[in-house]
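Down below is the structure, laid out as structure tokens.
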Amino acid sequence: MPVHEIRHPLIRHKLGIMRRADLSTKSFRELSQEVGALLTYEASKDLPLAESTVEGWCGTVTVEKIAGKKVTVVPILRAGIGMLDGVLSLIPGAKVSVVGVARNEETLQAHTYLERLVGELDQRLALIVDPMLATGGSMLATIDMLKRAGCREIRALVLVAAPVGIKAVLDRHPDVHIYTASIDDGLNENGYIMPGLGDAGDRIFGTKQKAE
């Protein structure tokens, strides 16, 4: 099953704190990074390993290292930036591809306004990070872009997801695995995830939050 709802106690606890409406920008931002790191741990569990040797304090030691898998982290602007440092804390050597996708608040349709992708995407695992998977429009636009550029292995890391967004992604891209801290109930009339987290971008950057 390509949908992974990670119900680890640490993730459940941290996500519960993030749902508080009175949480400070600083705390929300820090928790976004922490949950992003925990999702990265789950999403990278099957990376291949190869044996190598290092000189240890008592002589040569056989160790394991990640083998032959280049990684690019793909934050969807702007809210995806809030999860980026959490991912890089575990995979510091990953290259970063940046994608800007905006949603029309009337039609809820996504349009791309920025594309800065790293090279050799055909040899890379792409980890897309975005706090919210709501209608799926931004995620679909990003996946489409990566595949056009030659990327063959894509995983999405989101804090909360709505069933309609998950279905939209899997209907078009059944090969993409989705890792989320929570599958929430659905969307309200404005396209916000319920109960969700509110506007994650506003909460991460401390800008004015839109009414739901």
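Just so you know, glycine gets a Cβ as well, placed from its N, Cα and C.
So that you can see what the record holds, here are the features copied from Swiss-Prot:
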type	residues	note
BINDING	R78, R103, D130, P131, M132, L133, A134, T135, G136, G137, S138, D199	5-phospho-alpha-D-ribose 1-diphosphate binding site
BINDING	I193, G198, D199, A200	uracil binding site
Most Cβ neighbours inside 10 Å, all chains, among the binding-site residues G136, G198: G136
Inter-residue Cα distance where the pair is G136 (5-phospho-alpha-D-ribose 1-diphosphate binding site) and G198 (uracil binding site), in Å: 16
Of I193, A200 (the binding-site residues), the residue whose Cβ has the fewest other Cβ atoms within 10 Å: A200
Assigned conformation of A200 (uracil binding site) - DSSP reduced to three states: helix
Secondary structure of M132 (5-phospho-alpha-D-ribose 1-diphosphate binding site) (DSSP, helix/strand/coil): strand
Length of the line joining the Cα atoms of A134 (5-phospho-alpha-D-ribose 1-diphosphate binding site) and I193 (uracil binding site), in Å: 6
All-chain count of other Cβ atoms within 10 Å of D130 (5-phospho-alpha-D-ribose 1-diphosphate binding site): 28
DSSP-derived structure type at R78 (5-phospho-alpha-D-ribose 1-diphosphate binding site), helix or strand or else coil: coil
Of the binding-site residues listed as I193, D199, A200, the one whose CA lies nearest the CA of D130 (5-phospho-alpha-D-ribose 1-diphosphate binding site): A200
Cα-to-Cα gap, S138 (5-phospho-alpha-D-ribose 1-diphosphate binding site) vs D199 (uracil binding site), nearest whole Å: 15
Rounded Cα-Cα span from R78 (5-phospho-alpha-D-ribose 1-diphosphate binding site) to I193 (uracil binding site), Å: 17
When distances run from the Cα of D199 (uracil binding site) to each of the binding-site residues R78, M132, G136, the nearest one: M132
Inter-residue C-alpha distance, G136 (5-phospho-alpha-D-ribose 1-diphosphate binding site) and A200 (uracil binding site) (nearest angstrom): 15
